[in-house]
Amino acid sequence: MLPIRRQRLLTFCAVIIVFLLYRVVQNSWDDANYSGLRAVYETGREKLEDIDPADQDDSTPPVEHVKPNPAVQEEAKLPAHMDENDKADYVDSHNEYADQHGEVVEDVSVEIPDLDDKGASSGDQAKQDKLSEQEIEASEEVVQGNGQDLTGANKVLQGSHDEEGADLKATPSKTAPNDTKGSEPEVELAHPPGVAQVKAEDIPEFKRVYWEKQPEHFPVPSESITPLPSGAPKKIPQIQYDFQPESEEQKSTRVKRQQRVKEEIARSWGAYAKYAWMHDELSPVSGKYRDPFCGWAATLVDSLDTLWIAGLKKEFDEAVKAVADIDFTWTPKNDIPVFETTIRYLGGLLAAYDVSGGAEGNHKILLDKAVELGEILFGVFDTPNRMPLLYYQWKPEDVAQPRRASTRSGIAELGTLSMEFTRLAQLTKEDKYYDAIDRITNGLVQLSKDGVLIPGLFPENIDLSGCNRTATTLRDEISKAAQAQLATDDAAKDPAGYVPGEKEGVNQELARNSVVVAKRDEQSRTATDDEIKRGNPPFKADGTTAEWDCVPQGLVPSGYSIQTFHMGGGQDSAYEYFPKEYLLLGGLEDKYQKLYEDAVTATNEWLMFRPMAPDDWDVLFPAKVTLSPDTDIRAQFEIAHLTCFIGGMYGLGGKIFEREADVEKAKQLTDGCVWAYQLFPSGLMPESANVIPCDSLDKCEFNETQWWDILDPSRVWREEELLRWEGESKEKAEEAAHLKALAEQGAPESASYKVDSKEEAEVARLKEAAELEDSKPIEKAEKESFNALNDEQAKLLEQAAQEHTEDEDSYRGAPLKKRDPTPPPPDESDVPASKTVPKDSAPHHETERKKPLTHKEHVQKRIKSEGFPPGFVSINARNYILRPEAIESVWYMYRITGDPTWMDKGWTMFEATLTATRTTMANSAVGDVTAASPELLDAMESFWIAETLKYYYLLFSEPDVISLDEWVLNTEAHPFKRPT
């Protein structure tokens, strides 16, 4: 009993301690960290308690919703990077925009009151007190809210979640354009009329931190900034086909198709405006929304130029008004995905500015917002070698720290910044934007010269850090004295303390090696110390330099010797931008031509393949190749949707640089994706699949035997199993027939069998046991369960087989072979129900195993179950997410060749896409294209309107709408005006 009492005492003491700790934590509310907030909180309570309930009016008068003056609104929230002149221009552009679009601000314009010495307003004190009471009341609801009866302010702080559990976020203070059709949107207004507005930063747990421009750690001297190429643009060959007037019939068909696409653009945009306004993406099945791209209204910004091109000017104007209120200085995300933000947001704003008239248009706010975002993104280049941070931690405490670029970055993310920052530099006359991407290009050029395993291409992942860690480790191992000597003496001289004839010391050897490596890498650096001024490096606690201060190097492949090359996701758009950047610069920078031509030459030699197919399509695809200096090449013959852009790239580059062979290959590459679309029941192409290649780029005969052997790599084993099963079946049939004959003959001898006395005695014993069992009184239920045992011959057969397992070869003199240790069970379906013995009481029956599938049966079953078209050996990703790459290349081929069959191919793809993806409100990604009616995935990425529908619309537009001789499109289909 004593231990139990002690246990109870200890438990009681523990409870007391926990209670005391709770009181200490509760009393910590009086700490200085919370004193200000607590004072406001308690003061508010006192004010609320002083209010006479009789003075309160239960009725809430209607509040007229008045649009704020954009100029005044934006003046209070200007980008941090602007000086006074820029701020004046910025505000003027808002006023100009408001005047041109009929925004009338009545007698409710915002006035900034004068403050007295104490900081209080000189306005009506009663109104201020009433407003303070409302704010405090709203604050109490936020602190105490149970999530059931939420005010508008509390709903802002609580945010909205999609079905996948989106992060907590605040809803922007906008409302969607009016939609008179259907039900009201399932979104909450950020600040409903009559409800006090509470900012998130006023609540500790939801405090927002905004981006602020910080001094650069590694600034580029003004004299080292590379300016935009100057001079008149070169004369570039005509890209578009010289179209002739079309017939009335052709025009009628084209216009009808164009109108049909326009209706789908309007429909998808309307659903976004109704259900996901000011959020990144619509969930087109549930009517919810998602914010995967910082919550800056990705679909809205991405769709701006599409709306203008399609003639939806009213929708465009409404979207532009909303763009003015996007705050790029804050996001609930911890980091900004630089690649996606650049191509969707920055590219979308610049293109919308260009297509709507540019400087002669009435939408300067688009350029202003592009500059605001560009300044934020420009911080990604603040690294020792000016290579970008591709996932940008934007908060001030992160920006305040010097950082180095990643050691493993995708080549596509690195190489797909050039067009957007170049166009920003052209429009703003700020060379620093062009300088930033020019350093990336120079790094790629140097990497190509230094050598990769496939010259002309770049490996999938690049080390951008500029830090040679091996050389740094060697350097840090050297003593301080040795380092001082290396700084003053020539590396070729013998180190101090070296005695001829003696073994070289470890430190001396390391010193030699580090100098050699450092000198070699210094020659291939992207930026030099003279170009980038910086102070002394930060130091660790032990006095050594911080990790980012190391032996410099240029761009190098990531990893350990293994390099992967392909044209799919992670590499695609880097190559796409080489000819497009050449166009955007007016042909004034030749290095982009060489980069393109080297890449195409290498692709033709190393990656290109023709799939083995039974039809007459003339198609090509780029493969994925992995290799290292010490291993053989491993090729994956992949058909991937993301690679479908390559037809357009070959066609465009072929016309720019007068390479007709590229244009011919462009047709084959584009037809490859059109071919893949029509192979599947849904009429759509999967994200990724693998096929059997021909031995060369020439047409080859379809080899069904080869295809089947790849689908069934266990063919030999399968055939052996089938032979084994057939042998077992034959043996069992012979054994069963023999035993049946024995059972029918019973004990008497026959001329055919010589039975010795021992065997006769055993048979007699079995008979006697069977008769004794039959004579026992058995209950009726037991008799029904043991029908098989009531048969005397069956009883003898079962017991004889069981008792003589050790001597089956001599049973009744019959030549029986021994069975396998684990014989296959018999097929119970062949045994009559009345003869089936329960497992728990009858002798064990080994069921016969089913007949193995033949090679042909296995292959046919797999083809049917997995939906393989002829020649396909796997489907790695069966979904289709509304991607544009296939129709993108179809549009390029139509504009380049003028062949109207490309319009017919595109129309077939469009109809199949609508049939498979259409929802009640818009269009959705689908799960399995091998099904005739794929499952809807409730996802609609912003590129559905920005790219896919835009390319369909342009395919059926007049050739002068976004002519390739006047415009160049980025990888998100945003058109930039070419220099003239």
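From the backbone N, Cα and C atoms, a Cβ is placed for every residue, glycine too.
Between Cys673 and the candidates Cys550, Cys644, Cys700, TrEMBL records a disulfide bond only with Cys644. When the Cα of Cys673 (disulfide bond) is compared against those of the recorded positions Asp572, Glu885, Thr971, the shortest separation belongs to Glu885. Sequence-distant neighbours of Thr971 (Ca(2+) binding site) (same chain, 6+ apart, CB under 8 A from its CB) are Ile343, Thr416, Asp572, Ser573, Glu576, Tyr577, Phe645. Across the structure, Cys644 (disulfide bond) and Glu885 (active site) place their CA atoms 5 angstrom apart.
Neighbour list (Glu885 (active site), Cβ cut-off 8 Å, at least 6 residues apart, same chain): His641, Leu642, Thr643, Cys644, Phe645, Cys673.
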